[in-house]
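Okay, structure first, notes after.
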Amino acid sequence: MDIFSIILIVVGLIIFETISSIDNAVINAEVLSTMSQRARRWFLIYGLFIAVFAVRGMLPWLIVWATNPALGPVNAFTATFSDNPDIAKAIEESSPFLLVGGGVFLIFLFFHWLFIETKNYGLRGERFFHKHGVWFFAVVSIILTVIVYFALKEHPFMALGAVVGSTAFFITHGFKQNAEQQEKVLMGGNMSDWSKILYLEVIDATFSIDGVVGAFAFTLSVPLILIGNGVGAFVVRELTLKNIENVKRYIFLKNGAMYSIFFLGIIMVLDSFGVHIPEWVSPVITIGVIGYFFYKSRKFL
């Protein structure tokens, strides 16, 4: 991997993590506004350490290790930078499981947004799909069936990966729905600052799963994911603290994040079936799509 590819991947990861975490930043800002200055400072400083290393560092490392248990913890972290042919072979053989699972997760995430979630309509057709939200479950069920059918022809382990990806989506979706309900309780109740900090850390971990899974469309390198998503997490904290109201005015950024997620999901599924996608494609598509919706948002300011 040359230095240009590394820089492009890291930049793409930073942008993707930042934009896909805007909802998280909004929740953080709303809850922090009800907390004391000391508690806010603790969350923004020490909570950042937890967000970067305990979540965005540990989670991708654990995922790679879980899909390659023979590598061990150290090799799972450094595998993509190793010259050992046995390690390279192990990563290559296990990557389809990870990629197809992550791809299904991201595709489901996109269609849930397209069919069900309230949104600002950025492209033609979005209003139509939103009006027919009842079709979400039928669409994702058909998609999963098709992917599993073709995955079984490749390897049963791949088919299991697709099912795991869909299961992970519905589990995290349930957590997010509960988080929205809990936010209303926090905003209107008398819970302690430490309870609110714990809530925010759990929310951050839940929302970070989208970014971590999407990161595997850029690279399987845990160190690069840690750097890119870590810097993105820092940017999200800064937005929470200083500029969240300005960011909320860019009404189509969420659209850009979700279309990026869709393309990344497609790339991961294709890659899992052996279609070679150059390393530069994911960051270029992400930067291009988000850049377009950023420009579109500015026109509405």
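Positions of Cβ are set from backbone N, Cα and C atoms, glycine also.
Looking at 156-175, 276-295, the range tied to transmembrane segment in TrEMBL is 276-295.
With a cut-off of 8 Å between Cβ atoms, the residues of this chain six or more beyond the transmembrane segment (224-240) that come close are 6, 9-18, 21-22, 24-25, 28-29, 32, 44, 47-48, 51-53, 56-57, 60, 80, 208, 211-212, 215-216, 218, 247. If one looks beyond the transmembrane segment (252-270) by at least 6 residues along the same chain, the residues whose Cβ comes under 8 Å of a Cβ in the stretch are 16, 19-20, 22-23, 99-100, 102-107, 109-110, 113-114, 119-120, 122-123, 126, 147, 210, 214, 216-218, 277, 281-282, 285-286, 289-294, 296-297, 300. Under 8 Å from some Cβ of the transmembrane segment (43-63) lie the Cβ atoms of residues 17, 28, 32, 35, 73, 76-77, 98, 197, 200-201, 204-205, 208-209, 211-212, 215-216, 222, 225-226, 229-230, 233-234, 237, 240-241, all in the same chain and six or more residues away from its ends.
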